[in-house]
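The feature ATP binding site is assigned by Swiss-Prot to 36, 37, 38, 39, 40, 41, 42, 43, with sequence analysis given as support. If you look up Swiss-Prot, you'll see 1-236 marked as domain 'ABC transporter', on the strength of sequence analysis.
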């Protein structure tokens, strides 16, 4: 079943009141943010989507696929759900090389494209300041390297059309580029975030409050331009962190580079 869009049918907030947002449809290639204070229900919304809820969760929301109730086997079998999740706390535990992991995952997904390993690693290295090599063992990858590899792997190999991202702002990767990469591969992307770089580069953001979808804000071109400028600062800070990590000194020249930019 090709998933072209999902629709969230509103349920109830923590007080049992109907959610102000009664329906929202998200199509492939769209990036939608989920914002709100701690305890506002962001993770529950993502969980409802991951479960393809049908009024059977605490929120009573329903999730439609292509405008229809998803088949029961899609709900019961995680493999048929085809939903990928990424979080800042995910790490690899398998004792194998990066190349072995990519080839194994590609084989399991029926992807036999030539140079698939190089393609995934090249994309991953666009997102991290620490280059990844195919002979690196997964267990020695840093947090930023792990998340970069996961994003590239989901984009290139995974056939999951829906990607749910839970607060990757502290994951040590180029966040702006990561979201653009996933959307460019035609994924439906929902991202929980407090980060202005991520929130402002989404097409829309769902504002959560008291367990309910309070409103939807369409991102303006002005906000997207602000996001690009903040992202430049963010990438500059990432480069400074990498210099510190590798034992290099910082100079006034490092500051002047940002000022000139």
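Keep in mind that glycine also has a Cβ here, set from the backbone N, Cα and C atoms.
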Please compare the binding-site residues 38, 40, 43 by how many other CB atoms fall within 10 Å of each one's CB, and tell me which has the fewest.
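Each of the binding-site residues 38, 40, 43 was scored by Cβ atoms within 10 Å; lowest is 38.
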What are the non-local neighbours of residue 36 (ATP binding site), defined as same-chain residues 6+ apart in sequence with CB under 8 A from its CB?
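Once residues fewer than 6 apart are set aside, residue 36 (ATP binding site) is near 42, 207, 208, 209, 214.
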